Amino acid sequence: MQTAARRSFDYDMPLIQTPTSACQIRQAWAKVADTPDRETADRLKDEIKALLKETNAVLVAHYYVDPLIQDLALETGGCVGDSLEMARFGAEHEAGTLVVAGVRFMGESAKILCPEKTVLMPDLEAECSLDLGCPEEAFSAFCDQHPDRTVVVYANTSAAVKARADWVVTSSVALEIVSYLKSRGEKLIWGPDRHLGDYICRETGADMLLWQGSCIVHNEFKGQELAALKAEHPDAVVLVHPESPQSVIELSDVVGSTSKLLKAAVSRPEKKFIVATDLGILHEMQKQAPDKQFIAAPTAGNGGSCKSCAFCPWMAMNSLGGIKYALTSGRNEILLDRKLGEAAKLPLQRMLDFAAGLKRGDVFNGMGPA
């Protein structure tokens, strides 16, 4: 690990008012989907399977959505994955319609990469605190103050913010891309997640200015409470998503994207894991490693009303009923201005090309910003 060349948090930036707690959102957000009973769920799944075939559609789901939706995606030849895997799958699949079960920026990313396809979502109001906390006008004004810096944005942003960037990254490839840019002597603006940005800054030593956004789920993890839980389970491996605060990351055995955490849970020989990310990932972890124990990392503290509230209220808006509605009505479609989509595709495609290069081992062969 390297010492960061420059710690950020030293610039003027407008205070963006976003919800501060996943608990608060769940308590106030009436549209969080109810879990259907078994009979209703089975009926909806059968109807959706038929609709997917009739409409030449495929279901692409994130690890954080309802397990019923995750299982349905796999049963119908779709995809369950992290943001990078979802983007790859949608771009490569032959289906004319993509049903994206996740949050809005994921649907937008699918439309950016596949403008010729119809992209539907179970609920267009499924937002993301990182996206909401990084409005395009304010972020662009900040970037304009530092014209000498390369702009790197997390995938959890709007199409308009992506269009302002030089690079888009997911947590799966953020470290590698920033390391590459640092090797070229580039100074960076990073947005919007301050915890992920600070982690990358510490790991790479890159010169980064950080936007001050955060994920309302990962921001709730508490280092003190995690340390206490770790003391209760000294044999447990601690898996942490890098959107978590530094005090939590410092207690981790593995830091990484949802896919990396899932791989560690399955491949490592240990039998007990403490997991600091959205609880939705536990479904796939338990499926792939049924002989292992998974413990949710604590979010209690600062008045928290539950020991672990780590699930995204907007991801919870995705439902089987919403998928059926989108397929039968043709509504809940992601629509983007053509020029905006083209501008946003450049940095997003740059990431996908870089990620493909990682697999080939030739990531340094001319894949810098155009």
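Cβ atoms here come from the backbone N, Cα and C positions, even for glycine.
In Swiss-Prot, the iminosuccinate site is described by HIS62, SER83, TYR154, ALA155, ASN156, SER171, HIS241, PRO242, GLU243, and among THR40, THR76, THR97, THR258 the residue recorded at this site is THR258. Mapped onto three states, the DSSP output places HIS62 (iminosuccinate binding site) in strand. Here the candidates are the binding-site residues HIS62, TYR154, ASN156, GLU243. The one whose C-alpha lies nearest to that of CYS215 ([4Fe-4S] cluster binding site) is GLU243.
For the pair ASN156 (iminosuccinate binding site) and CYS128 ([4Fe-4S] cluster binding site), the C-alpha distance works out to 7 angstrom. Within the same chain, the residues at least 6 positions away from HIS241 (iminosuccinate binding site) whose Cβ sits under 8 Å from its Cβ are SER171, HIS218, VAL255, GLY256, SER257, THR258, LEU261, ALA276, THR277, ASP278, listed in sequence order.
Close to the recorded [4Fe-4S] cluster site, the chain also has VAL103, SER129, LEU130, ASN156, ILE216, VAL217, HIS218, ASP278, TRP314, MET315: residues not among CYS128, CYS215, CYS312 whose Cβ is within 8 Å of the site's Cβ mean position. CYS312 ([4Fe-4S] cluster binding site) and HIS62 (iminosuccinate binding site) are 12 Å apart (CA-CA, integer value).
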